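As structure tokens, the structure follows; a few thoughts come after it.
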Amino acid sequence: MGSFNPWAIKITNVLVYFFLLTANVYSVYGPESGSPYVDAKKTYITPAPFVFFVWGIIHFLFAGFVIYQFFGQATETVVDGVGWQFVFISIWNTVWLALTQKDHTILAWFAILFTASHVSYVYYKIRYKYPAISLLDNAFIHAPFSLYHAWIFVITVISTFVAFTPEVSDDGPSVLVTVVVIIGLLVLKSTAVSYVEFGKGDVAGALVIAWALYGIFVEQDSPAIRWTALVLSILTLLYSVKPFVAKHVFGRGGEERAPLLG
């Protein structure tokens, strides 16, 4: 056990969880117009609004996280693995929400980069130093951070395009913008593959990206962009089930036998 006070970390985790949850709910249903998910600047990589409902799953799992952390078997991973990072994550994520809602796109981009750095730190630390030893570990520690890591990466890509590329227009994207968007889609697909190949069979993260790619297909009108997104979404989905097929159909071992949710 590290030098941190376990109770201080756990109680603060509860407080910042409700802080982030309230900020998300307020950003969508509050009196101010301009939801960062629905009403933000539309670019040629913006997914359909339904994609953002993945937040609901993440918040539900993090509700389990802030409850499960009080169980004895979770203390070491929460205190030494996650530490104060969940606090920083929640604060930076909320800052991103506020800046995006106010159309401060460059500042919002920096905020989401800070968020992603903290999420990545936790994701890799608990995955490789504090592997799940029970179903509850998988469900309420590893799964929420797997989903969150992939989702924050998606948001980072979206925010990058919001900050540095033109808004959707009736004229459609230029050749340069189309090429840049397709590169962005390929980056998303490559990241999903890395979850499966190098993330010990992290199917949860890969599925989040497949979902986002499908949402881009639904939302966009440019044939080159939308059909590329659909093909990559299908390929990502098929690749995501690779560990499951390897384990339950072919009975292969090794890394592909790792837990599918974390």
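Cβ coordinates come from backbone N, Cα and C, glycine included.
Here the transmembrane segment (7-29) has Cβ contacts under 8 Å with residues 35-38, 55, 59, 62-63, 65-66, 69-70, 78-79, 82-84, 86-87, 90-91, 93-94, 97-98, 101 of the same chain, all six or more residues outside its ends. The transmembrane segment annotation in TrEMBL covers 7-29 (among others).
The feature transmembrane segment is assigned by TrEMBL to 49-71 (among others). If one looks beyond the transmembrane segment (49-71) by at least 6 residues along the same chain, the residues whose Cβ comes under 8 Å of a Cβ in the stretch are 10, 13-14, 17, 20-21, 24, 37-38, 78, 136, 139-141, 143-144, 147-148, 151, 208, 211-212, 214-215, 218.
Residues 1-2, 4, 6, 9-10, 12-13, 16-17, 19-20, 23-24, 27, 36, 69, 105, 107-108, 111-112, 114-115, 118-119, 121-122, 125-126, 129-130, 141, 148, 152, 155, 159 of the same chain, all 6+ positions outside the transmembrane segment (78-99), place their C-beta atoms under 8 angstroms from a C-beta of that stretch. The annotation transmembrane segment is assigned in TrEMBL to 78-99 (among others).
Annotated transmembrane segment per TrEMBL: 105-124 (among others), in sequence order. Same-chain residues lying 6 or more positions outside the transmembrane segment (105-124) and placing a CB less than 8 Å from one of its CB atoms are 41, 81-82, 85-86, 88-89, 92-93, 95-96, 99, 145-146, 148-149, 152-153, 155-156, 159-160, 162-164.
According to TrEMBL, the feature transmembrane segment maps to 145-164 (among others). If you look at the transmembrane segment (145-164), the same-chain residues 6 or more away from its ends with a CB under 8 A from one of its CBs are 40-41, 43-47, 54-55, 57-58, 61-62, 89, 93, 96, 100, 105-106, 108-109, 112-113, 115-116, 119-120, 122-123, 126, 181, 184, 187-188, 191-192, 195, 199, 202, 204-206, 208-209, 212, 261-262.
Long-range contacts of the transmembrane segment (176-196) within its own chain (CB-CB distance under 8 A, at least 6 residues past either end) are made by residues 44-45, 146, 150, 153-154, 157, 160-161, 165-166, 202-203, 205-206, 209-210, 212-213, 216, 222, 224-225, 228-229, 232, 235-236, 239-240, 242-243. Annotated transmembrane segment per TrEMBL: 176-196 (among others), in sequence order.
According to TrEMBL, the feature transmembrane segment maps to 203-218 (among others).
According to TrEMBL, the transmembrane segment annotation covers 224-241 (among others).
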